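Have a look at the structure below before the remarks.
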């Protein structure tokens, strides 16, 4: 049987309509928009904005956000059509299986570990750093060795041992996911309201303190900038803006995770497009305004010298203040403290959605026989894929505890961009192969939109450099070994006798619903 055998649409529709051993449908459009905003606003907005301004584009990082959002919009339209047509869990993996075949589906499913699993670990590491900043408000801190990996050394020569705060937040959020999506969605909605409110306050208060000289010139002349690690970046001009777009693309990662909740949505054909595109539009507007204010209240020199990760707080503390006894006393110290809390909330919601998305993708892959069946075991009470959650707790927890976060940040971006390219190609293929399938949402000018999506996402992959290409290839090679040694021999399509038909109930139907 061909490597590119596709999953029949009849099988996908049977899974979508199966009322037996499925995830509970509890989410509506507001939940999905909150889920998307929760996944998007986080590490990217509060960390990558300053990094892109310092290394690549200066104040024109705002244009970089626009370029990145355009690429995401193209992919978002394609995701929305797929989600309204194939309303089951699995995200880009499921869509690729139906359009480009099993081998491509395996590649994208394996690749999505970079987006969801590795991405969650990366954000958990950043969460640990800002948790320490929160403790500093109360005169406390976590010792360096217990909040950094063994590969990190402080300026005073202290070696890291294990990142305990990062592991802690992963454990807490995994247990929340096991308890059930309804509880997770409620907590996520509260977090989203908090952090969006803080972002709006920063924009409103910071606008009056924008210094015109910090926006002059708005697009710096083309040059290069070498950071403290000896890495040279294109700065200014078109190349600098494109580089900034690639950096801040990390700030948009997450909106596609909404599509992985299709099996938990009450009316997926109507609500999935609303959730995906609604969250993307809201976040894009906030990002453009936030980056404009941030680069106006602080200079590029400030971003380079004060540390990229803490530069948002630095900018807030330097909006207004006075020198007392030779020491700068900020007028809005209370706001910087609130922003620290908002950053922690933002990181928490990103981790929550990424962990959920990862377990749901492997849930679908397990149902197809491409990974072991343990990943699709449903909790008898909570009806969540608890064993999958626990396995990824170990994987993500080890990664967050023992690996530096800066090693894999760009790998998360390149993995996600690769997934977006396949989805853009897949929606065009599906239009040609299955034009008869009803679509509540249709991509306008699908040939043009999908092609532009592929071009823009491909350009951002190109901008990430050969080192990240090599890492992606290495990761995919590991995936190939697993596919040809296990997945190909256990595929449901290739071995239908090994699996019960769609509609078979492995879990009794009298299981109590989620509360």
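Along the chain as shown, the residues are counted starting at 1.
Yeah, the Cβs are placed from backbone N, Cα and C, and that goes for glycine too.
Look at TrEMBL and you will find 32-54 (among others) tagged as transmembrane segment.
Listed as Cβ neighbours of the transmembrane segment (60-82) (distance under 8 Å, sequence separation of 6 or more from its ends, same chain) are residues 49, 52-53, 91-92, 94-95, 218-220, 236, 240-249, 251-252, 255-256, 259, 272-273, 276-277, 280, 284, 287-288, 291-292, 295, 420, 423-424, 426-427, 430, 439, 441-444, 446, 449-450, 452-453, 456-457, 460. Positions annotated as transmembrane segment by TrEMBL: 60-82 (among others).
Beyond the transmembrane segment (103-127), the same-chain residues lying 6 or more positions past its ends with a Cβ under 8 Å from any Cβ of the stretch are 3-4, 7, 42-43, 47, 90-94, 96-97, 149, 163, 165-167, 169-170, 253, 257, 309, 344, 347-348, 350-351, 354-355, 357-358, 361-362, 364-365, 370, 392, 395-397, 399-400, 403-405, 408-409, 411-412, 414-416, 418-419, 422, 472, 475-476, 478-479, 482-483, 487. For 103-127 (among others), the entry in TrEMBL reads transmembrane segment.
Here the transmembrane segment (158-178) has Cβ contacts under 8 Å with residues 120-121, 124-125, 127-128, 131-132, 142, 144-152, 184, 187, 347-348, 351-352, 355-356, 359, 379, 382, 384, 386, 389-390, 392-393, 396-397, 400-402 of the same chain, all six or more residues outside its ends. Residues annotated as transmembrane segment in TrEMBL: 158-178 (among others).
The transmembrane segment annotation in TrEMBL covers 185-210 (among others).
For 238-262 (among others), the entry in TrEMBL reads transmembrane segment.
Here TrEMBL flags 274-294 (among others) as transmembrane segment.
According to TrEMBL, the transmembrane segment annotation covers 334-357 (among others).
The transmembrane segment feature in TrEMBL is assigned to 386-405 (among others).
Here TrEMBL flags 411-429 (among others) as transmembrane segment.
The transmembrane segment feature in TrEMBL is assigned to 441-463 (among others).
Look at TrEMBL and you will find 469-486 (among others) tagged as transmembrane segment.
Residues 103, 106-107, 110-111, 114, 370-371, 411, 414-415, 418, 461 of the same chain, all 6+ positions outside the transmembrane segment (469-486), place their C-beta atoms under 8 angstroms from a C-beta of that stretch.
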